[in-house]
Amino acid sequence: MEGIWRTPSGFFGALMSVDHKVVGRRYIVTAFAFLLLGGILAVLMRVQLAKPESTFLSADKYNQIFTMHGSTMMFLFAVPVMEAFAVYLVPLMVGTRNIAFPRLNAFSYWMFLFGGCFLWMSFALNVGPDVGWFAYVPLSSLQYTPTKRPDVWAQMITFTEVAALAVSVEIVVTVFKQRAPGMTLDRIPLFVWAMLVTSFLVMFAMPSIMVASTSLILDRLVNTRFYDSSSGGHPLLWQHLFWFFGHPEVYIIFIPGTGMVSAILATFARRPVVGYPVVILSLIATGFLSFGLWVHHMFVTGLPQLGAGLFTASSMLIAVPSGLQIFCWLATLWDGRPVYRTPLLFVIGFIVIFVMGGLSGVMVASVPIDTQVHDTYFVVAHFHYVLIGGAVFPLIGAVYYWFPKISGRMLSERLGRWNFWLAFVGFNVAFFPMHILGLIGMPRRVYTYTADMDWAHLNLLSSGGALIFALSFALLLVNVIQSLRSGTLAGDNPWDASTLEWATSSPPPPQNFDRIPVVKHRDPLWFDTESMPVVGGLSVERREVLLTSLAEAEPQVREASPEPSIWPLLTAIATTVFFIGSIFTPWAVLWGTPPMAVALIGWFWPAGHKEDEE
Amino acid sequence: MPVRMRTALVPFATLPLAACAGRQSALDPQGLQSNHILQTLFIFLIVAAVVWTAVVVVLCVGLLRRKRSADQPLALHQGFERTSGHVVFGLGLATLIIVLGLSIVSYAGQRTVFAKDEHALTLKIIGHQWWWEVRYEDDSPHQSFVTANEIRIPTGQPVKVELESADVIHSFWVPSLTGKMDLITGQKNELQFTAKNAGVYRGQCAEFCGLQHAHMAFAVFALSPDEYGRWRDHENQSATSPTDPLGKQGEQLFRARGCALCHTIRGTLAGGQLGPDLTHIGSRTTVAAGTLPMSSATLGAWIADPQHIKPGNNMPRMPLQSGELIALIHYLEQLK
């Protein structure tokens, strides 16, 4: 059985892998590599701003760097890393042998990798985008930025969106159709619920940015004039399309974080999360509401006053589902018996930081307040509190929590504590002063400022905090490397956690589970402490997964799962050539498609399973 | 408590070095609108502080309190489950009431801040990469004039600025007077504010607008109505021709060396439209949209090599002998 699910050996075998754990691991490592790169850019910016009129970076470099920082963190780190964890964990947590559409999954990873490398190679060649991660027109139009820089940005979006959409489809189908028998809707782990909601958000939000960025490329390449106000287009159209994606994007990053929090909290508070249905309904409500508040990014564009006021109310309303989740977590800690291991420390840090970010979010949702703080360092502080507090702290907690499962070895607790405290202190020292800087008049995206502005001391403090914060990530890296070399062996379930990924070995075998578990409780490993019931009947001769019904997870059919294949990689290469070519010439659409067609035909060529022909 | 900008109010006659300072802080309101906004902000801040403190206290108490001892994760106490359900529901309801209340507070503040006065003094401001064109328009063309990067307004009177862009999106922001408003290509926006006290209030572009976004500042001078009237009469006049030989040489150089292709000096043949109007440049307090304080030295440095001071801006470097540069500076400085 292990033999038929194993990734083929050798270099070419590795390129052919369709194992969700192999792809997931690559995804996680790649996303963290981009975090490292984006983090280095952040440190460079903080060095530049540490003193007034610094000449450390030129205006041109600084503008490229802040654009690259935002684009890397949003498109190449935050969204992919959450999807990466889902790719690795969701099939294990729902008790199946591989993700749905595993070849699409491999394709998704290659697209993400190539898109990210494309952006960073462009930056290395001094063609890094310099129009902000939001690329507002008309600044990003051909007239005002006649270089290829905005094209690089817009096409990188296409790469990462293709990758994200593919993963979302896989996650939804895996959760809907491949759950272990008995895992009814109300027994799905909260992390899986969070990733399900996130996947739907991706599917509804990302098309908006793809339309936006593709129209921008068309405007620049073949002069279509979607955004040209002198020809009947309008620059605000860009802002609407961008933020219709851009605001749900925040929740695409934050909701997986809440799933991680719920998973970690249950394990280390030693009890299930209070209010399981409340948490799920909050996730779904957050998902819906997140599409109704994009306009709060546009309060100073001269909108009608009543309309803007309504978006204030809808923006603040999202505090209700977020608040409900926080209350459930607080109640869980209140009743539980907390075990203070590193993952729990990061979750506690998350609550302290994220609540502050949420409250400053309520402030920026108010139109009059926003007219002062919009595009200032107050907003920079706010969204770093929300995104780092709400997503990165849970994520680092998740790394400490699931690393033993993925690698088979424990991370050091001693380094973990140092890591947490440096991150917590460094983060607050770096970002809290920015609230004040924004209120005393410092706008965002300025490469320098004069000494008489009174911003120097707080900027220096913030830069110092940023260095401490950066150090905490260096410690994480050291911890991971040390543990891979000589960490304590983890065993199947080192934390005595309750969900199915801990029911198999660490790291899990290629087939995940020798026998598919049968789920009789929301916390299967706490419920069946002795032995777990399993279901038999899947082939041991070829790759098969068990499909179950949507609501009750009744077994329905045995379904073949694809073998390893080189075609997803070849398709990704063909698509990459097509995408990159088409920012230089429209003819790339013509000569770029035949290789893609060939690759896709190869990919979908019938495999001719015996059973299919019967 | 608000962090006050320490910059003192400098009388604008004696400006030299602190010129580009002026107040630029939402916490130092000097206008009706900025004052209202700050009051709204304080209400939100108090609510936020109370909520955050409550959450952290509950978190700490929850972590530290004495716990049940058995390590049996699924042995839950039904009483707690029921009570916690009620408490979570109650807190959710409280959250809803708080955010609805704050929405109302916000909307009330918004109506005050954006209230319109029909009799407001109207100015037109056009954003350029990377400077501000300021047009004082009057029914009588003889009373209309153009200036740049400095706005003078009377205290106590509502001012309406009509905002447009000549190129990309910019944002007009004078935090000490009011919140910001974007200048959007192909769209007309407006913003009204009233300065309560006389003073110099610094503003800065708040929407990223390209390479030199960081160097796109301006200043609002709130003057007493009398002073404002005198200034307006003076500003409306054309430039006076120089009488001394050096000044005459400067005027001639201004035309001969291409300056006039982009800049206007009213009353002379210089009528370029691409760059700032320089009719009264000698009375301005900064060079290059708030980049440097005005002095012979900074003006000279700017003309000698604009790309060194503000790389990427649209003013080219003109080859000038040092004697010619001195004449040009002398001419511009006397355009008071």
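Even glycines carry a Cβ here, placed using N, Cα and C.
Look at TrEMBL and you will find A:1-520 tagged as domain 'Cytochrome oxidase subunit I profile'.
The transmembrane segment feature in TrEMBL is assigned to A:27-49 (among others). Within its own chain, the transmembrane segment (A:27-49) has Cβ neighbours under 8 Å at 56-57, 62, 65-66, 68-69, 72-73, 76-77, 80-81, 83-85, 87-88, 109, 112-113, 116, 120, 406, 430, 447-449, 459, 462-463, 466-467, 470, 473, 477, counting only residues six or more beyond its boundaries.
The transmembrane segment feature in TrEMBL is assigned to A:69-94 (among others).
Among residues of the same chain six or more beyond the transmembrane segment (A:106-125), those with a C-beta under 8 A of the stretch's C-beta atoms are 17-18, 23, 26-27, 30, 34, 37, 64, 68, 71-72, 76, 80, 148-149, 152-153, 155-156, 158-160, 162-164, 166-167, 170, 565, 568-569, 571-573, 575-576, 579-580. Residues or ranges marked as transmembrane segment in TrEMBL: A:106-125 (among others).
Positions annotated as transmembrane segment by TrEMBL: A:152-176 (among others). Within its own chain, the transmembrane segment (A:152-176) has Cβ neighbours under 8 Å at 67, 71, 75-76, 79-80, 83, 86-87, 90-91, 94, 96, 99-102, 104-105, 107-109, 111-112, 114-116, 118-119, 122, 127-129, 131, 133, 135, 140, 188, 192, 195-196, 198-200, 202-203, 206, 209-210, 213-214, 216-217, 220, 550, 575-576, 579-580, 582-583, counting only residues six or more beyond its boundaries.
Per TrEMBL, the feature transmembrane segment maps to A:188-218 (among others).
Counting residues 6+ beyond its ends, the transmembrane segment (A:250-269) has Cβ neighbours under 8 Å at 74, 78-79, 82, 85-86, 189-195, 197-198, 201-202, 205, 279, 283, 286-287, 290, 325, 329, 332-333, 335-341, 343-344, 346-347, 350, 383, 386-387, 390-395, 397-398, 401, 495-499, 523 in the same chain. The transmembrane segment annotation in TrEMBL covers A:250-269 (among others).
According to TrEMBL, the transmembrane segment annotation covers A:276-296 (among others).
Taken from TrEMBL, the feature transmembrane segment covers A:308-332 (among others). Long-range contacts of the transmembrane segment (A:308-332) within its own chain (CB-CB distance under 8 A, at least 6 residues past either end) are made by residues 258, 261-262, 265-266, 269, 271-275, 278-279, 281-283, 285-286, 289-290, 292-293, 295-296, 299, 347, 351, 354-355, 358, 361-362, 365-367.
Beyond the ends of the transmembrane segment (A:344-369), by six or more residues, the same chain brings 257, 261, 264-265, 268-269, 293, 296, 299, 305, 308-309, 311-312, 315-316, 319, 322-323, 326, 329-330, 338, 378-379, 381-390, 393-394, 396-397, 400, 416-417, 420, 423-424, 427-428, 435 to within a C-beta distance below 8 angstroms of the stretch. Sequence annotations record features per position, and here TrEMBL assigns transmembrane segment to A:344-369 (among others).
Summarising the annotation, TrEMBL assigns transmembrane segment to A:415-440 (among others). Outside the transmembrane segment (A:415-440) by six or more residues, the chain places 46, 341-342, 345-346, 349, 352-353, 360, 372-373, 376-382, 384-385, 388-389, 393, 396, 400, 454-455, 458-459, 461-473, 475-476, 478-479, 482 with a CB less than 8 A from a CB of the stretch.
Summarising the annotation, TrEMBL assigns transmembrane segment to A:460-481 (among others).
According to TrEMBL, the transmembrane segment annotation covers A:566-590 (among others). With a threshold of 8 Å between CB atoms, the same-chain residues lying at least 6 positions outside the transmembrane segment (A:566-590) that come near it are 12, 15-16, 18, 103-104, 106-107, 110-111, 114-115, 118, 148, 151-152, 154-155, 158-159, 162, 217, 221-222, 596, 598-600, 602-603.
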